[in-house]
Amino acid sequence: MASMQTSCSPFTQAVVASMRKLYPEALADKSFDNTGLLLEAPFEPTRRQKNSVLLAIDLTSAVADEAIKRQDSAVVAYHPIIFRGLKSITLDDTQQRSLLRLAQHGISVYSPHTAVDTIPGGMADWLCDVVTGNYQSSKDELKASIKGCSSTLYSAPTYPRSESVPTTGSESTSQQLPHTRSTIHPSPPASIPEGFESAGAGRLVQFNDAQPLTTLIDHIGRGVGLQAGIPIAIPQGRSVDDIRIRTVGMCPGSGSGVLLRGNDIPDLLFTGEMSHHEALAATERGSVVISLAHTNSERGYLRAVMQRKLQDDLSKRWDSDRQAALQATQETAKQGGATPSAFGEEVYKDGSVEVSVSDADRDPYGIMIWRS
């Protein structure tokens, strides 16, 4: 009888270790969040997955299909697909069905969520880079696509897909508008690992000189791929062309709980989601709100930052892990001990590492243009 496997594949273990190094779970907001390894698919040596990882914001059925087709070893899904306790896991529920199918195909799932938001150089800092203009953008991406029209009156919905490549960092560069940035709500000191001292929720950018709101809108449209239009709320009686901004508060996802605390709020609140009443309250206090539809404030980070960071760290880690495993196998063989099967040894001979961003992942809301 074959022995029961009690862990995921060696490559998936390396993926988890790299994610925990880059985005420490201690920095996630455990008061509500559910981060870490959410699905650990048992390792089956006779079934060879590719040494590849698929990055996505949401683990939808389409993303699961994509990972299965690609034969990935792991999916890193920013949002936790398991958020609250489960009383059952059945095929009737679409999310649970995706988990069962992924496990069946040997694909594990890791979720970093708020750990990505809080770290220095994380998602909040990426939004700072977007709004201050620190990115390189393809001119072709600046044109809103209305291809695939289904009638003479409507265009097919379009979905943002940023191809910009910001260079995340704490200091201004020649590409950026001169500014300083700080953490709005620092993480508790006891939870901050060494090297992550400026971690916390939200970022505040203060420009050296007040900037035209139109300039910042242009930066945001280019940076996140929303050239067709940006949802914006401004105080009544004001004109977008006349507003100048000195301070910007940023929080990916649903940011009102971070940005609206306290008596003083920034000139511009830049986030993914804010309710009608919260936006109204902010504009009544004289602030501008840009709310992108939740995941549009998050998805660009995967391609601009996370893909490269994980590729670099994972490549080094996997090379070290497999060299150590192959050396241990050779030492065991010299001493006449049991050696891994041919399938097991083959796992460590594959030095390839691929980190990709999902093509199927997108916000549920697209932009449909009525053509009169």
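Heads up, the Cβ atoms here are built off N, Cα and C, so glycines get one too.
In TrEMBL, annotation is done automatically, which means it is predicted and not curated.
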Matching residue for the divalent metal cation site, where TrEMBL names ASP117, HIS294, GLU298 - out of HIS79, HIS276, HIS277: HIS79
Surrounding CB atoms that lie within 10 Å of the CB of HIS294 (divalent metal cation binding site), all protein chains: 21
Surrounding CB atoms that lie within 10 Å of the CB of HIS79 (divalent metal cation binding site), all protein chains: 18
Neighbourhood of GLU298 (divalent metal cation binding site), C-beta criterion under 8 angstroms, separation at least six: ILE57, TYR78, MET123, PRO252, GLY253, GLY272
Cβ-Cβ distance under 8 Å to ASP117 (divalent metal cation binding site), same chain, at least six residues away: MET123, ALA124, ALA201, CYS251, PRO252, GLY253
Conformational class of GLU298 (divalent metal cation binding site) under the three-state DSSP mapping: coil
